[in-house]
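Report on one structure; see the data block that follows.
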Amino acid sequence: MGKTLAEKVWEAHIVRRGEGYEPDLLYIDLHLVHEVTSPQAFEGLRLAGRQVRRPDLTLATEDHNVPTTGIDLPIADPVSRTQVDTLRRNCEEFGIRLHPMGDAEQGIVHVVGPQLGLTQPGTTVVCGDSHTSTHGAFGALAFGIGTSEVEHVLATQTLPLRPFKTMAINIEGTLRPGVTSKDVILAVIAKIGTGGGQGYVLEYRGSAVEKMSMEARMTMCNMSIEAGARAGMIAPDETTFAYLQGRPHAPEGTEWDAAVEYWKTLRTDEDAEFDAEVTLDADELTPFVTWGTNPGQGLPLGARIPDPAAIADESERFATEKALDYMGLEAGTPLREVAVDTVFLGSCTNGRIEDLRAAADVLKGRKVASEVRMLVVPGSMRVRKQAEAEGLNEVFTAAGAEWRSAGCSMCLGMNPDQLTPGERSASTSNRNFEGRQGKGGRTHLVSPLVAAATAVRGTLSSPEDLD
């Protein structure tokens with residue numbers, strides 16, 4: 001029997017195969033580190049008298065806690081400042097490359113890895129962060145790990161793991177204008193639920209996926225965890241190779257040729273069997289937004305807020321009632337009539353140059369509504385520099401948006417960019433949990449196109465609503 005893409009990468013990295021109920025011992029090719037989940041791991045090494053086994057396969061960047069304004073000033077919050085300072089000391093002591101605030105390559109860890117060419121097909125990638133699945137867009141087996149596992153990888157460059165199940169997400173057809181990969185993944189999560197992918201590696205396949213850019217693919221894989229999955233993957237192809245060629249850490253010359261020949265073998269075999277399969281028709285998809293407090297509570301933008309009274313399942317009805325109460329929404333309200341206070345464009349989901357270009361195209365010649373605040377936060381300093389070279393920052397500021405430095409920003413309430421209680425946002429990030437963007441904040445997950453149109457109209461909107 002043939003093997004799936006995930007199985008091929010897994011098999012290639014087994015250091016020791018587990019017997020019986022024992023896990024396999026897997027080699028890790030790339031370990032990404034940031035300031036939040038690493039302090040205890042480094043302290044564990046220190047207490048045990050251990051060194052980092054492969055500092056050359058480890059990269060650190062400051063992203064979660066960093067401010068996106070006044071980056072030349074000391075960090076005001078004492079906890080955030082301590083975590084950033086601790087990362088700097090740990091990286092210096094253990095010989096790990098670090099991209100600190102203000103560095104030309106600093107940014108969100110899942111934006112930095114791919115843009116440097118560190119994320120490559122057929123590799124294993126881990127990070128103490130849920131959205132490590134982003135890197136699966138390259139055909140890498142990439143997943144988030146906990147702090148104790150971070151320490152294990154630092155010490156041994158391996159992880160003991162049991163094989164994951166595999167699920168095919170087949171997306172056939174052609175996306176309509178105005179529909180993006182963010183809409184696709186929100187539709188996938190709405191279809192299978194936030195627990196539908198639990199224990200699985202999701203492989204996104206089909207003609208619609210093949211037509212996507214690498215940045216669009218990263219958006220989809222990024223949110224695999226929101227369906228409960230361990231990872232998301234896409235088989236590498238010419239689009240992948242074109243993105244990687246010439247990047248700082250990509251192979252060169254004959255090594256590039258050899259790498260591409262190997263990468264071309266990283267496709268699911270025709271006779272391979274998935275443990276589960278799901279199919280979506282890309283032709284039928286429209287812009288998607290979330291209305292509730294988990295990424296699975298999403299609907300097409302043209303829909304209305306659901307009515308709990310119409311839901312037969314008691315637990316689902318209760319969850320809907322609870323979400324609507326927190327979100328301050330009334331059943332039956334058209335989503336297009338939901339007004340927002342803030343629009344956030346950024347994050348490891350949608351903070352890349354392609355995302356900024358898409359939003360800028362919508363905002364060009366238009367103004368952000370007077371009652372709306374819009375934050376535009378590039379995913380990395382490299383993205384910021386490129387955007388400024390293209391004049392995108394001028395489009396944003398002319399429209400009335402704020403142009404910031406790189407960081408996780410308003411994706412999570414760990415830095416100064418937060419919502420206030422009751423404040424409502426349209427956000428291109430990945431999670432809409434209660435308090436995710438700040439205590440009492442209300443989050444609607446959207447694509448960059450919907451974010452830009454919403455900023456102009458002041459209510460959840462798509463670009464077609466501006467015509």
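Backbone N, Cα and C define each Cβ position, glycine as well.
What Swiss-Prot records for this protein:
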| type | residues | note |
| --- | --- | --- |
| BINDING | C348, C408, C411 | [4Fe-4S] cluster binding site |
| REGION | 417-445 | region 'Disordered' |
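Taken residue by residue, the region 'Disordered' (417-445) breaks down under DSSP into 0 helix, 8 strand, 21 coil. With a cut-off of 8 Å between Cβ atoms, the residues of this chain six or more beyond the region 'Disordered' (417-445) that come close are 67-68, 131, 182, 186, 222-223, 226, 289-295, 297-298, 326-328, 338-351, 355, 375, 377, 404, 407, 409-411, 451, 454-455, 460. Other than the site residues C348, C408, C411, same-chain residues with C-beta atoms no more than 8 angstroms from the centre of those residues' C-beta atoms, the [4Fe-4S] cluster site, are D63, H64, I108, H110, H131, G346, S347, T349, G351, G379, G407, S409, L412, S429, N430. Taken residue by residue with DSSP, C408 ([4Fe-4S] cluster binding site) is part of neither helix nor strand, so it is coil.
The Cβ of C348 ([4Fe-4S] cluster binding site) has I108, V109, H110, V111, H131, T134, N222, G379, C408, C411, N430 as same-chain neighbours under 8 Å, each 6 or more residues away in sequence.
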